[in-house]
Amino acid sequence: MSKLNIVVLAAGLGKRMYSALPKVLHPLAGKPLLVHVLDTARALAPHTTCVIYGHGGETVPQTIADESLIWVPQIPQLGTGHAVMQALPHIEKEGITLILYGDVPLTSVETLKKLIAMAGKQTLGLLTVELPDPAGYGRIVRHSETGEVAAIVEEKDASESQRSIGEINTGIMAVPNRYLHGWLCKLENNNAQGEYYLTDIVAMAVKDGVKVATANPAYVWETTGVNSKVQLAGLERIYQTAQANKLLEQGVALADPARIDIRGKLSCGRDVMIDINCIFEGDVQLDDGVKVGAHTILKDVRVAADSVIAPFSLIEAAEIGRNCRIGPYARIRPGTRLEDEVHIGNFVEVKNSALAAGSKANHLSYIGDAVVGRSVNIGAGTITCNYDGANKYQTIIEDDVFVGSDTQLIAPVRVARGSTIGAGSTITRDTPPDMLTLSRAKQLSIDGWKRPVKKPKPKN
């Protein structure tokens, strides 16, 4: 098999994006457009991947920061042909070069493999699509007798008859390296744009007797580029719809497939149910029977079987055990591990803590930097006071502890097995096991006490 070189053109300005951010760094499904393209390129196992950048300067390579890539600036930007010229020192004399675009994020690996398979030492492969309205795109001109590709004519240089052609060039092509060097050197810029068009090498291929083969993607949107926020939003919906359909085909129950956002990888077991307006970021795994309530955000989370995440919960970088109950309005922060049958209720925040099986914090509490044993009850309003303004400290709550409401645990502190903490206590020292511990001021009732009376407002 011929060595594969990939060149990604990512130097465009993106004027219609109306943004200081380089176009290829705008996010789709939570990651930059260019990263989508590079992930696809990586799946093809190329010998080299060269990225041509320009507008935005070093912002693009600094943001991506991938040492396996070859970054080459294009200054000034004089067209697609000129862009590929910049990569020539990094392209071998033999093999195939696949040309991709940093603002065309959804081309599938399968489509590109099909295109690459068509290309060879004597064949140039083009990815084309038929559009009902081809305005603005380069047209594929074929010989009237043989049907073979003769040339690609850009919109601004096309005749009236050529503009009626519905087959358009997507820009994605696989070119034999043995010809690429020579063809690029012959490019001229005597066109309406004054640019060096990469598409002109197609006519050169025909002239040199190199076959020009065409392939089509499974879906037209695989070759759709982004030039505006409108197009970006449209591709976002296309991507999310495709992801939702995959989940449905796997047996996941979605309350509304149009109202789910996947910004990473979502893996689901059997009988998983997802309500509306949920967002999944990073690597999320939902095991069998998990139910996710509406308006929930999960990021880099594993949720074990039969657990329920109630609406409006936020969980990130955490591990949730079997048959847990989370929320509504719960926040679980990074470093948290909940074992089986743990309950975290409304307006409870847990950070960098481990809760053993059967423990509960059902209302209005903060558990930070804590280790909580089995079958512990955390009363409403309990706070682990873990920060002294400079350092964080750990709270340890052993098995079978009952913590009364409105308790402050001043870390570092240990609550021993079987302890009961009276409501309203501030615990500053370790507690003994199997005893009631409380710290309160003595309750007083003052006879004859009068409430303050508001002073009358002065008259104007």
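Cβ from N, Cα, C; glycine included.
These come from Swiss-Prot:
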REGION    1-229  region 'Pyrophosphorylase'
BINDING   9-12, Lys23, Gln74, 79-80, 101-103, Gly138, Glu154, Asn169, Asn227, Arg333, Lys351, Tyr366, Asn377  UDP-N-acetyl-alpha-D-glucosamine binding site
BINDING   Asp103, Asn227  Mg(2+) binding site
REGION    230-250  region 'Linker'
REGION    251-460  region 'N-acetyltransferase'
ACT_SITE  His363  active site, proton acceptor
BINDING   Ala380, Asn386, Tyr387, Ser405, Ala423, Arg440  acetyl-CoA binding site
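The structure, with features from Swiss-Prot marked on it.
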{"residue": "Leu9", "record": "UDP-N-acetyl-alpha-D-glucosamine binding site", "Cβ contacts under 8 Å, 6 or more apart": "Ile52, Thr80, Ala83, Val84, Ile99, Leu100, Tyr101, Gly102"}
{"residue": "Gly12", "record": "UDP-N-acetyl-alpha-D-glucosamine binding site", "Cβ contacts under 8 Å, 6 or more apart": "Lys23, Val24, Gly54, His55, Gln77, Gly102, Asp103"}
{"residue": "Arg333", "record": "UDP-N-acetyl-alpha-D-glucosamine binding site", "Cβ contacts under 8 Å, 6 or more apart": "Glu316, Ala317, Ala318, Glu349, Val350, Lys351, Asn352"}
{"residue": "His363", "record": "active site, proton acceptor", "Cβ contacts under 8 Å, 6 or more apart": "Gly345, Asn346, Phe347, Val348, Gly379, Ala380, Gly381"}
{"residue": "Asn377", "record": "UDP-N-acetyl-alpha-D-glucosamine binding site", "Cβ contacts under 8 Å, 6 or more apart": "Ser359, Lys360, Val401, Phe402, Val403"}
{"residue": "Asn386", "record": "acetyl-CoA binding site", "Cβ contacts under 8 Å, 6 or more apart": "Gly368, Asp369, Ala370, Lys392, Tyr393, Gln394, Thr395, Ala411"}
{"residue": "Tyr387", "record": "acetyl-CoA binding site", "Cβ contacts under 8 Å, 6 or more apart": "Gly368, Tyr393"}
{"residue": "Ala423", "record": "acetyl-CoA binding site", "Cβ contacts under 8 Å, 6 or more apart": "Gly379, Gly404, Ser405, Asp406, Thr407, Leu438"}
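Of the listed binding-site residues, namely Gly79, Gly102, the sparsest Cβ surroundings within 10 Å are found at Gly79. Around the Cβ of Asp103 (Mg(2+) binding site), the number of neighbouring Cβ atoms within 10 Å comes to 25. Maximum intra-site Cα distance, acetyl-CoA binding residues Ala380, Asn386, Tyr387, Ser405, Ala423, Arg440: 23 Å. Arg440 (acetyl-CoA binding site) falls outside any helix or strand according to DSSP and counts as coil.
When Cβ atoms from all protein chains are considered, those within 10 Å of Asn227 (Mg(2+) binding site) total 16, not counting its own. Sorted by the number of other CB atoms within 10 A, the binding-site residues Glu154, Ala380, Ser405, Arg440 start with Arg440, the lowest. With Arg440 (acetyl-CoA binding site) as the anchor, the candidate binding-site residues are Gly79, Glu154, Asn227, and the one with the nearest CA is Asn227.
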